[in-house]
Structures are given as structure tokens and as C-alpha cells.
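The heme b b562 binding site annotation in Swiss-Prot covers His83, His182 and rests on similarity to another entry. According to Swiss-Prot, the heme b b566 binding site annotation covers His97, His196, on the basis of similarity to another entry. According to Swiss-Prot, the ubiquinone binding site annotation covers His201, on the basis of similarity to another entry. Taken from Swiss-Prot, the feature transmembrane segment applies to 33-53, 77-98, 113-133, 178-198, 226-246, 288-308, 320-340, 347-367.
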Amino acid sequence: MTNIRKTHPLLKIINSSFVDLPAPSSLSSWWNFGSLLGVCLGVQILTGLFLAMHYTSDTATAFNSVTHICRDVNYGWLLRYLHANGASMFFICLYLHVGRGLYYGSYTYSETWNIGILLLFAVMATAFMGYVLPWGQMSFWGATVITNLLSAIPYIGTELVQWIWGGFSVYKATLTRFFAFHFLLPFIVAALVMVHLLFLHETGSNNPTGIPSDPDMIPFHPYYTIKDILGFLVMLTALATLVLFSPDLLGDPDNYIPANPLITPPHIKPEWYFFFAYAILRSIPNKLGGVLALVMSILILAIVPILHMSKQRSMMFRPLSQCLFWLLVAVLFTLTWIGGQPVEHPYIIIGQTASVLYFLIILFLMPMTSMVENYLLKW
């Protein structure tokens, strides 16, 4: 008798995606982050759902409802901090996942890569709107500053900002719609994840060598399921440690002050995982230029496949490109640090230098290095 998992209309989809899926035998731990992102999304949707049962999206009560969740709801503090720090884990896994794709040339699967970029934008939008919901000082001023950037768009900018705000400033209508979108977007993200996997399973996974692995495949289960479970345990342990020992480590103390439109915080900044993009935005002394640089800092990923000049797919056997890749990582760490600092000397010039380097490495140095490597290998 044929196994039910191979014949049942629903089970056979799951079977071909997670059980009998042929996978390259050489996948390293860098391939764990896709499944870790799935776990992060699940944790965020579950904790978010329970938080939404107690949260009120009204300017008069939003801040107090979050306090109520932490103080009066059974394990409400745990839900709240799992959700807040879960977002940080989500972005750590996201950036490592994208970095893995860049290093090993996974971007040559253009459909999977482009859906991934779309997912990155969707998750960033979700996280930004979630940061507004507690209605603390940084929530209010962060929302005001970031949405106001759209006013830099010629002709329609001002009307667009007022349309998003639902009035002439960030107030009740803004908070209500941000809550609605923050609730809705994760489900759209989940749908996009399925499309992402659909395209991935059309081509099969890449592997560290970048060499086609068709002759050497192994079943996903049990080899990679057990490997993924180890990844889950490591990540959930890290998340639990963060939540139980230092839940406010990655947050902003200003967000424990209720939103006040009359008092501006000394340093308005987003959550730490947006610091690199925020630093690029601030490094250009022109509003429209800054907004374009901000968008391009993520959108540049879409042209990476076009800039691939190497005859090899992966960077595994390309030491010059490896040096550039790790320089890019160092630049991103520098930008992340600068994004959290005040706008004063020497941070301004460091941020501007790092921003120029970021675009220079991706747009010029990496393709040129690839061509040099091709020449050295007489290809």
C-alpha cells in the first residue's frame, strides 16, 4: 500500500516540501536561517494575536493597555517581551539569511531572490508599524519623522503624508490604521513565504560550493529536519535568555514615557535593526536624496544578480571577493553603530564614509573584483 503522505492531496504537498524533498548533501548551518525565520514568524503571529486581545488602538488608552498587559494579564509581560525581542531575533535571522544568499550566490535564483526582497520590505513595514503601537515618545516621534519622509516626493508628497496620517498630524486615525496594517501584514508575509518556497522548490537549493548538486542529493527528512530542530533550540534559547534576563536591552528607554506631541526626545531613532538604513538616510544633507538613498540601500539587492560577473557562483573559492564581502559586513556594523548616535562630529563624517563605501562595494568593487578573479583563473 502506498504511504498516505504521498497520496493525500494536502499531505503530499507537505511531503514534497519538507519530507521527501531532495536536498544537497553539503548544506552548512548557514542554510538553517530559512526555517528559523519560519519559527520567528510563527512566534510573532502567536504572541501578536494574544497581545491584540488586550491591546486598544486609541491614543488615550494605547500606552495604558500595554502597561495593563505587562502588569495584570497572566504572563502578559512574557508575551509582550517575546513579541518585542522576537522581532529582533527575526531581523538577526533575516540579515544572516540575506548575507548567506549574497556570499554563496543564491541570488542567481532570481524569482526566489525577488520574492525575498519583497518579503524583506513587508517585514520592515510590519516592524515599523508595530513600533508605533505602544504609543510611547519614540513610537510617536519615530512615526512622525519616518512618515514625514514621504513629503520629499515631488508634487504628491504632502498629500500622501496627510493621507497616511488620516489628518494633519500623527494622531488617533494614524494609530488605528497602523494597528490594522500591523495585524494584517504578517499574514501577507506568510503567504509570500509560501510563494518564496514554491519558487525555491522549482529550482532546488543552492549549496556552499555553488556547483550543481543534482547527482548528490539526500532526503530533507530526517537529515535536515534534525539539523533545523537544533537551530530552533539554539535560537529559542537565545530568545528566552534575552526575554528573561534583559528584556529591555534592545529597546529605547524613551518609549516608557507616554507620547507627548509637545516634547521632542533629544535623539529620535527607530529600532536598532533599522539603524544602518537610518544612518544612510541621515548621511545625505538633502531630504529627497536621503529618502532615495534609504530606499536604494535595500532595493540595491534587486540588481545584485545583474552585477554578478564571476564565472563561479559561490564566493567559497574566491578569496578576493571574500575580503570585500567581510568589508561590507564591517561597513554595515559601522552604519548600525552610527545610526544610534547623535548627529554631531565625528559621527557625521563616519556615517557618510560608511554610506559611500556601502554603495561603492556593491555597485563597483564586487563586480570588478569578480572580473579580476576570472582573469587570474584565465577564464
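The backbone N, Cα and C atoms fix where each Cβ goes, and this holds for glycine too.
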Ranking the binding-site residues His83, His196, His201 by other Cβ atoms within 10 Å, which is at the bottom?
His201
Considering only Cβ pairs within less than 8 angstroms, which of the stretches 33-53, 77-98, 113-133, 226-246, 320-340 has the most against the transmembrane segment (288-308)?
113-133
Interface check, the transmembrane segment (178-198) with the transmembrane segment (33-53), three or more C-beta pairs under 8 A:
yes
Counting Cβ pairs under 8 Å to the transmembrane segment (33-53), which of 77-98, 113-133, 226-246, 320-340, 347-367 comes out on top?
77-98
Integer Å distance between the CA atoms belonging to His182 (heme b b562 binding site) and His196 (heme b b566 binding site):
21
Neighbour count (Cβ, 10 Å) for His182 (heme b b562 binding site):
21
Cα distance (Å, whole number) from His97 (heme b b566 binding site) to His83 (heme b b562 binding site):
20
Provide, as an integer number of angstrom, the distance between the C-alpha atoms of His97 (heme b b566 binding site) and His201 (ubiquinone binding site).
17
Reported as an integer number of Å, what is the Cα distance between His182 (heme b b562 binding site) and His201 (ubiquinone binding site)?
29
